[in-house]
Amino acid sequence: MKKLVILISGRGSNMEAIVRAAIPGAKIAAVIANKPTAAGLAFARAHGIEAEVVDHTAYADRDAFDNALAIAIDRHEPDLVVLAGFMRVLGDAFVRRYEGRMINIHPSLLPSFPGLHTHRKAIESGVRLHGATVHFVTPTLDCGPIIAQAAVPVGADDTEASLAAKVLVQEHVIYPQAVRWFVEGRLRVEGNRVTVIDADLPSDGWMVPLPDA
Ligand code: GRF
């Protein structure tokens, strides 16, 4: 059984998608939020998952917060740390501690649009395809080896909100899928490239839905 700790900051819909996927061989040991108001905590508790808060405002600086978070995580001895809408930048030492066993979802087709406001940036830049990326976390923000991506078309009438909603639907598909591949030991990382052994998405870790799907 592979143990997972999921980190959230708010709504937690990606965490919810991973919980609902009920991945064989995966046990969600804990959900940890950096905000006591994170809505996803209630969902986790309602599903019998240990849910706790490491409130970043209670710590003097990033290192102190990172240390407290690492202690909370390590208590569960996880095989995989899953960042699911976790909105704190983590320090290099923290990232290195979990290198190869910490993954993130980012709402853009990386390497386009790292950082915040990805949907606005996609609309402003005029791209025709936007999407989401699941990747291993490395010290450079939103830059680690890519495990899975899903693309959605950007329509002429799309707003930041409509695009976010379309992308979120795909996030909920590729994130549980990527977690499952990790749990099944099917991800091989060489440099910046991830090979999915016997991938069961249409191709090796990507999908593009039809425009009105
Ligand atoms: C998602 O779009 C995720 O990609 C981004 O923040 C959002 C979090 O949503 N980092 P949720 O908390 O998983 O519902």
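The backbone N, Cα and C atoms fix where each Cβ goes, glycine too.
Just so you know, TrEMBL annotations never went through curation; they're auto-generated.
The domain 'Formyl transferase N-terminal' feature in TrEMBL is assigned to 2-179. Summarising the annotation, TrEMBL assigns N(1)-(5-phospho-beta-D-ribosyl)glycinamide binding site to GLY12, SER13, ASN14. Look at TrEMBL and you will find ARG62, ASN104 tagged as (6R)-10-formyltetrahydrofolate binding site. Positions annotated as active site, proton donor by TrEMBL: HIS106. The site 'Raises pKa of active site His' annotation in TrEMBL covers ASP142.
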Lowest local Cβ density (other Cβ within 10 Å) among binding-site residues: SER13, ASN14, ASN104: SER13
Cα separation, ARG62 ((6R)-10-formyltetrahydrofolate binding site) to SER13 (N(1)-(5-phospho-beta-D-ribosyl)glycinamide binding site) (Å, whole number): 26
Listed in sequence order, residues not in GLY12, SER13, ASN14 with Cβ within 8 Å of the centre of the N(1)-(5-phospho-beta-D-ribosyl)glycinamide site Cβ atoms: ILE8, ARG11, MET15, GLU16, ALA17, GLY40, ALA84, GLY85, HIS172
Neighbour count (Cβ, 10 Å) for ASP142 (site 'Raises pKa of active site His'): 18
Residue among recorded positions GLY12, ASN14, ARG62, ASP142 with Cα closest to the Cα of HIS106 (active site, proton donor): ASP142
Densest Cβ neighbourhood among ARG62, HIS106 (recorded positions), 10 Å radius: HIS106
Local backbone state of the residue listed as 'active site, proton donor', from DSSP in three classes: strand
Where the C-beta lies under 6 angstroms from ligand 1, the matching recorded positions among ASN14, ARG62, ASN104, ASP142: ASN14
Spatial neighbours of ASP142 (site 'Raises pKa of active site His') among the binding-site residues GLY12, ASN14, ARG62, ASN104 [C-alpha, 10 Å]: ASN104
Spatial separation of ASN14 (N(1)-(5-phospho-beta-D-ribosyl)glycinamide binding site) from ASN104 ((6R)-10-formyltetrahydrofolate binding site) - C-alpha basis, Å: 10
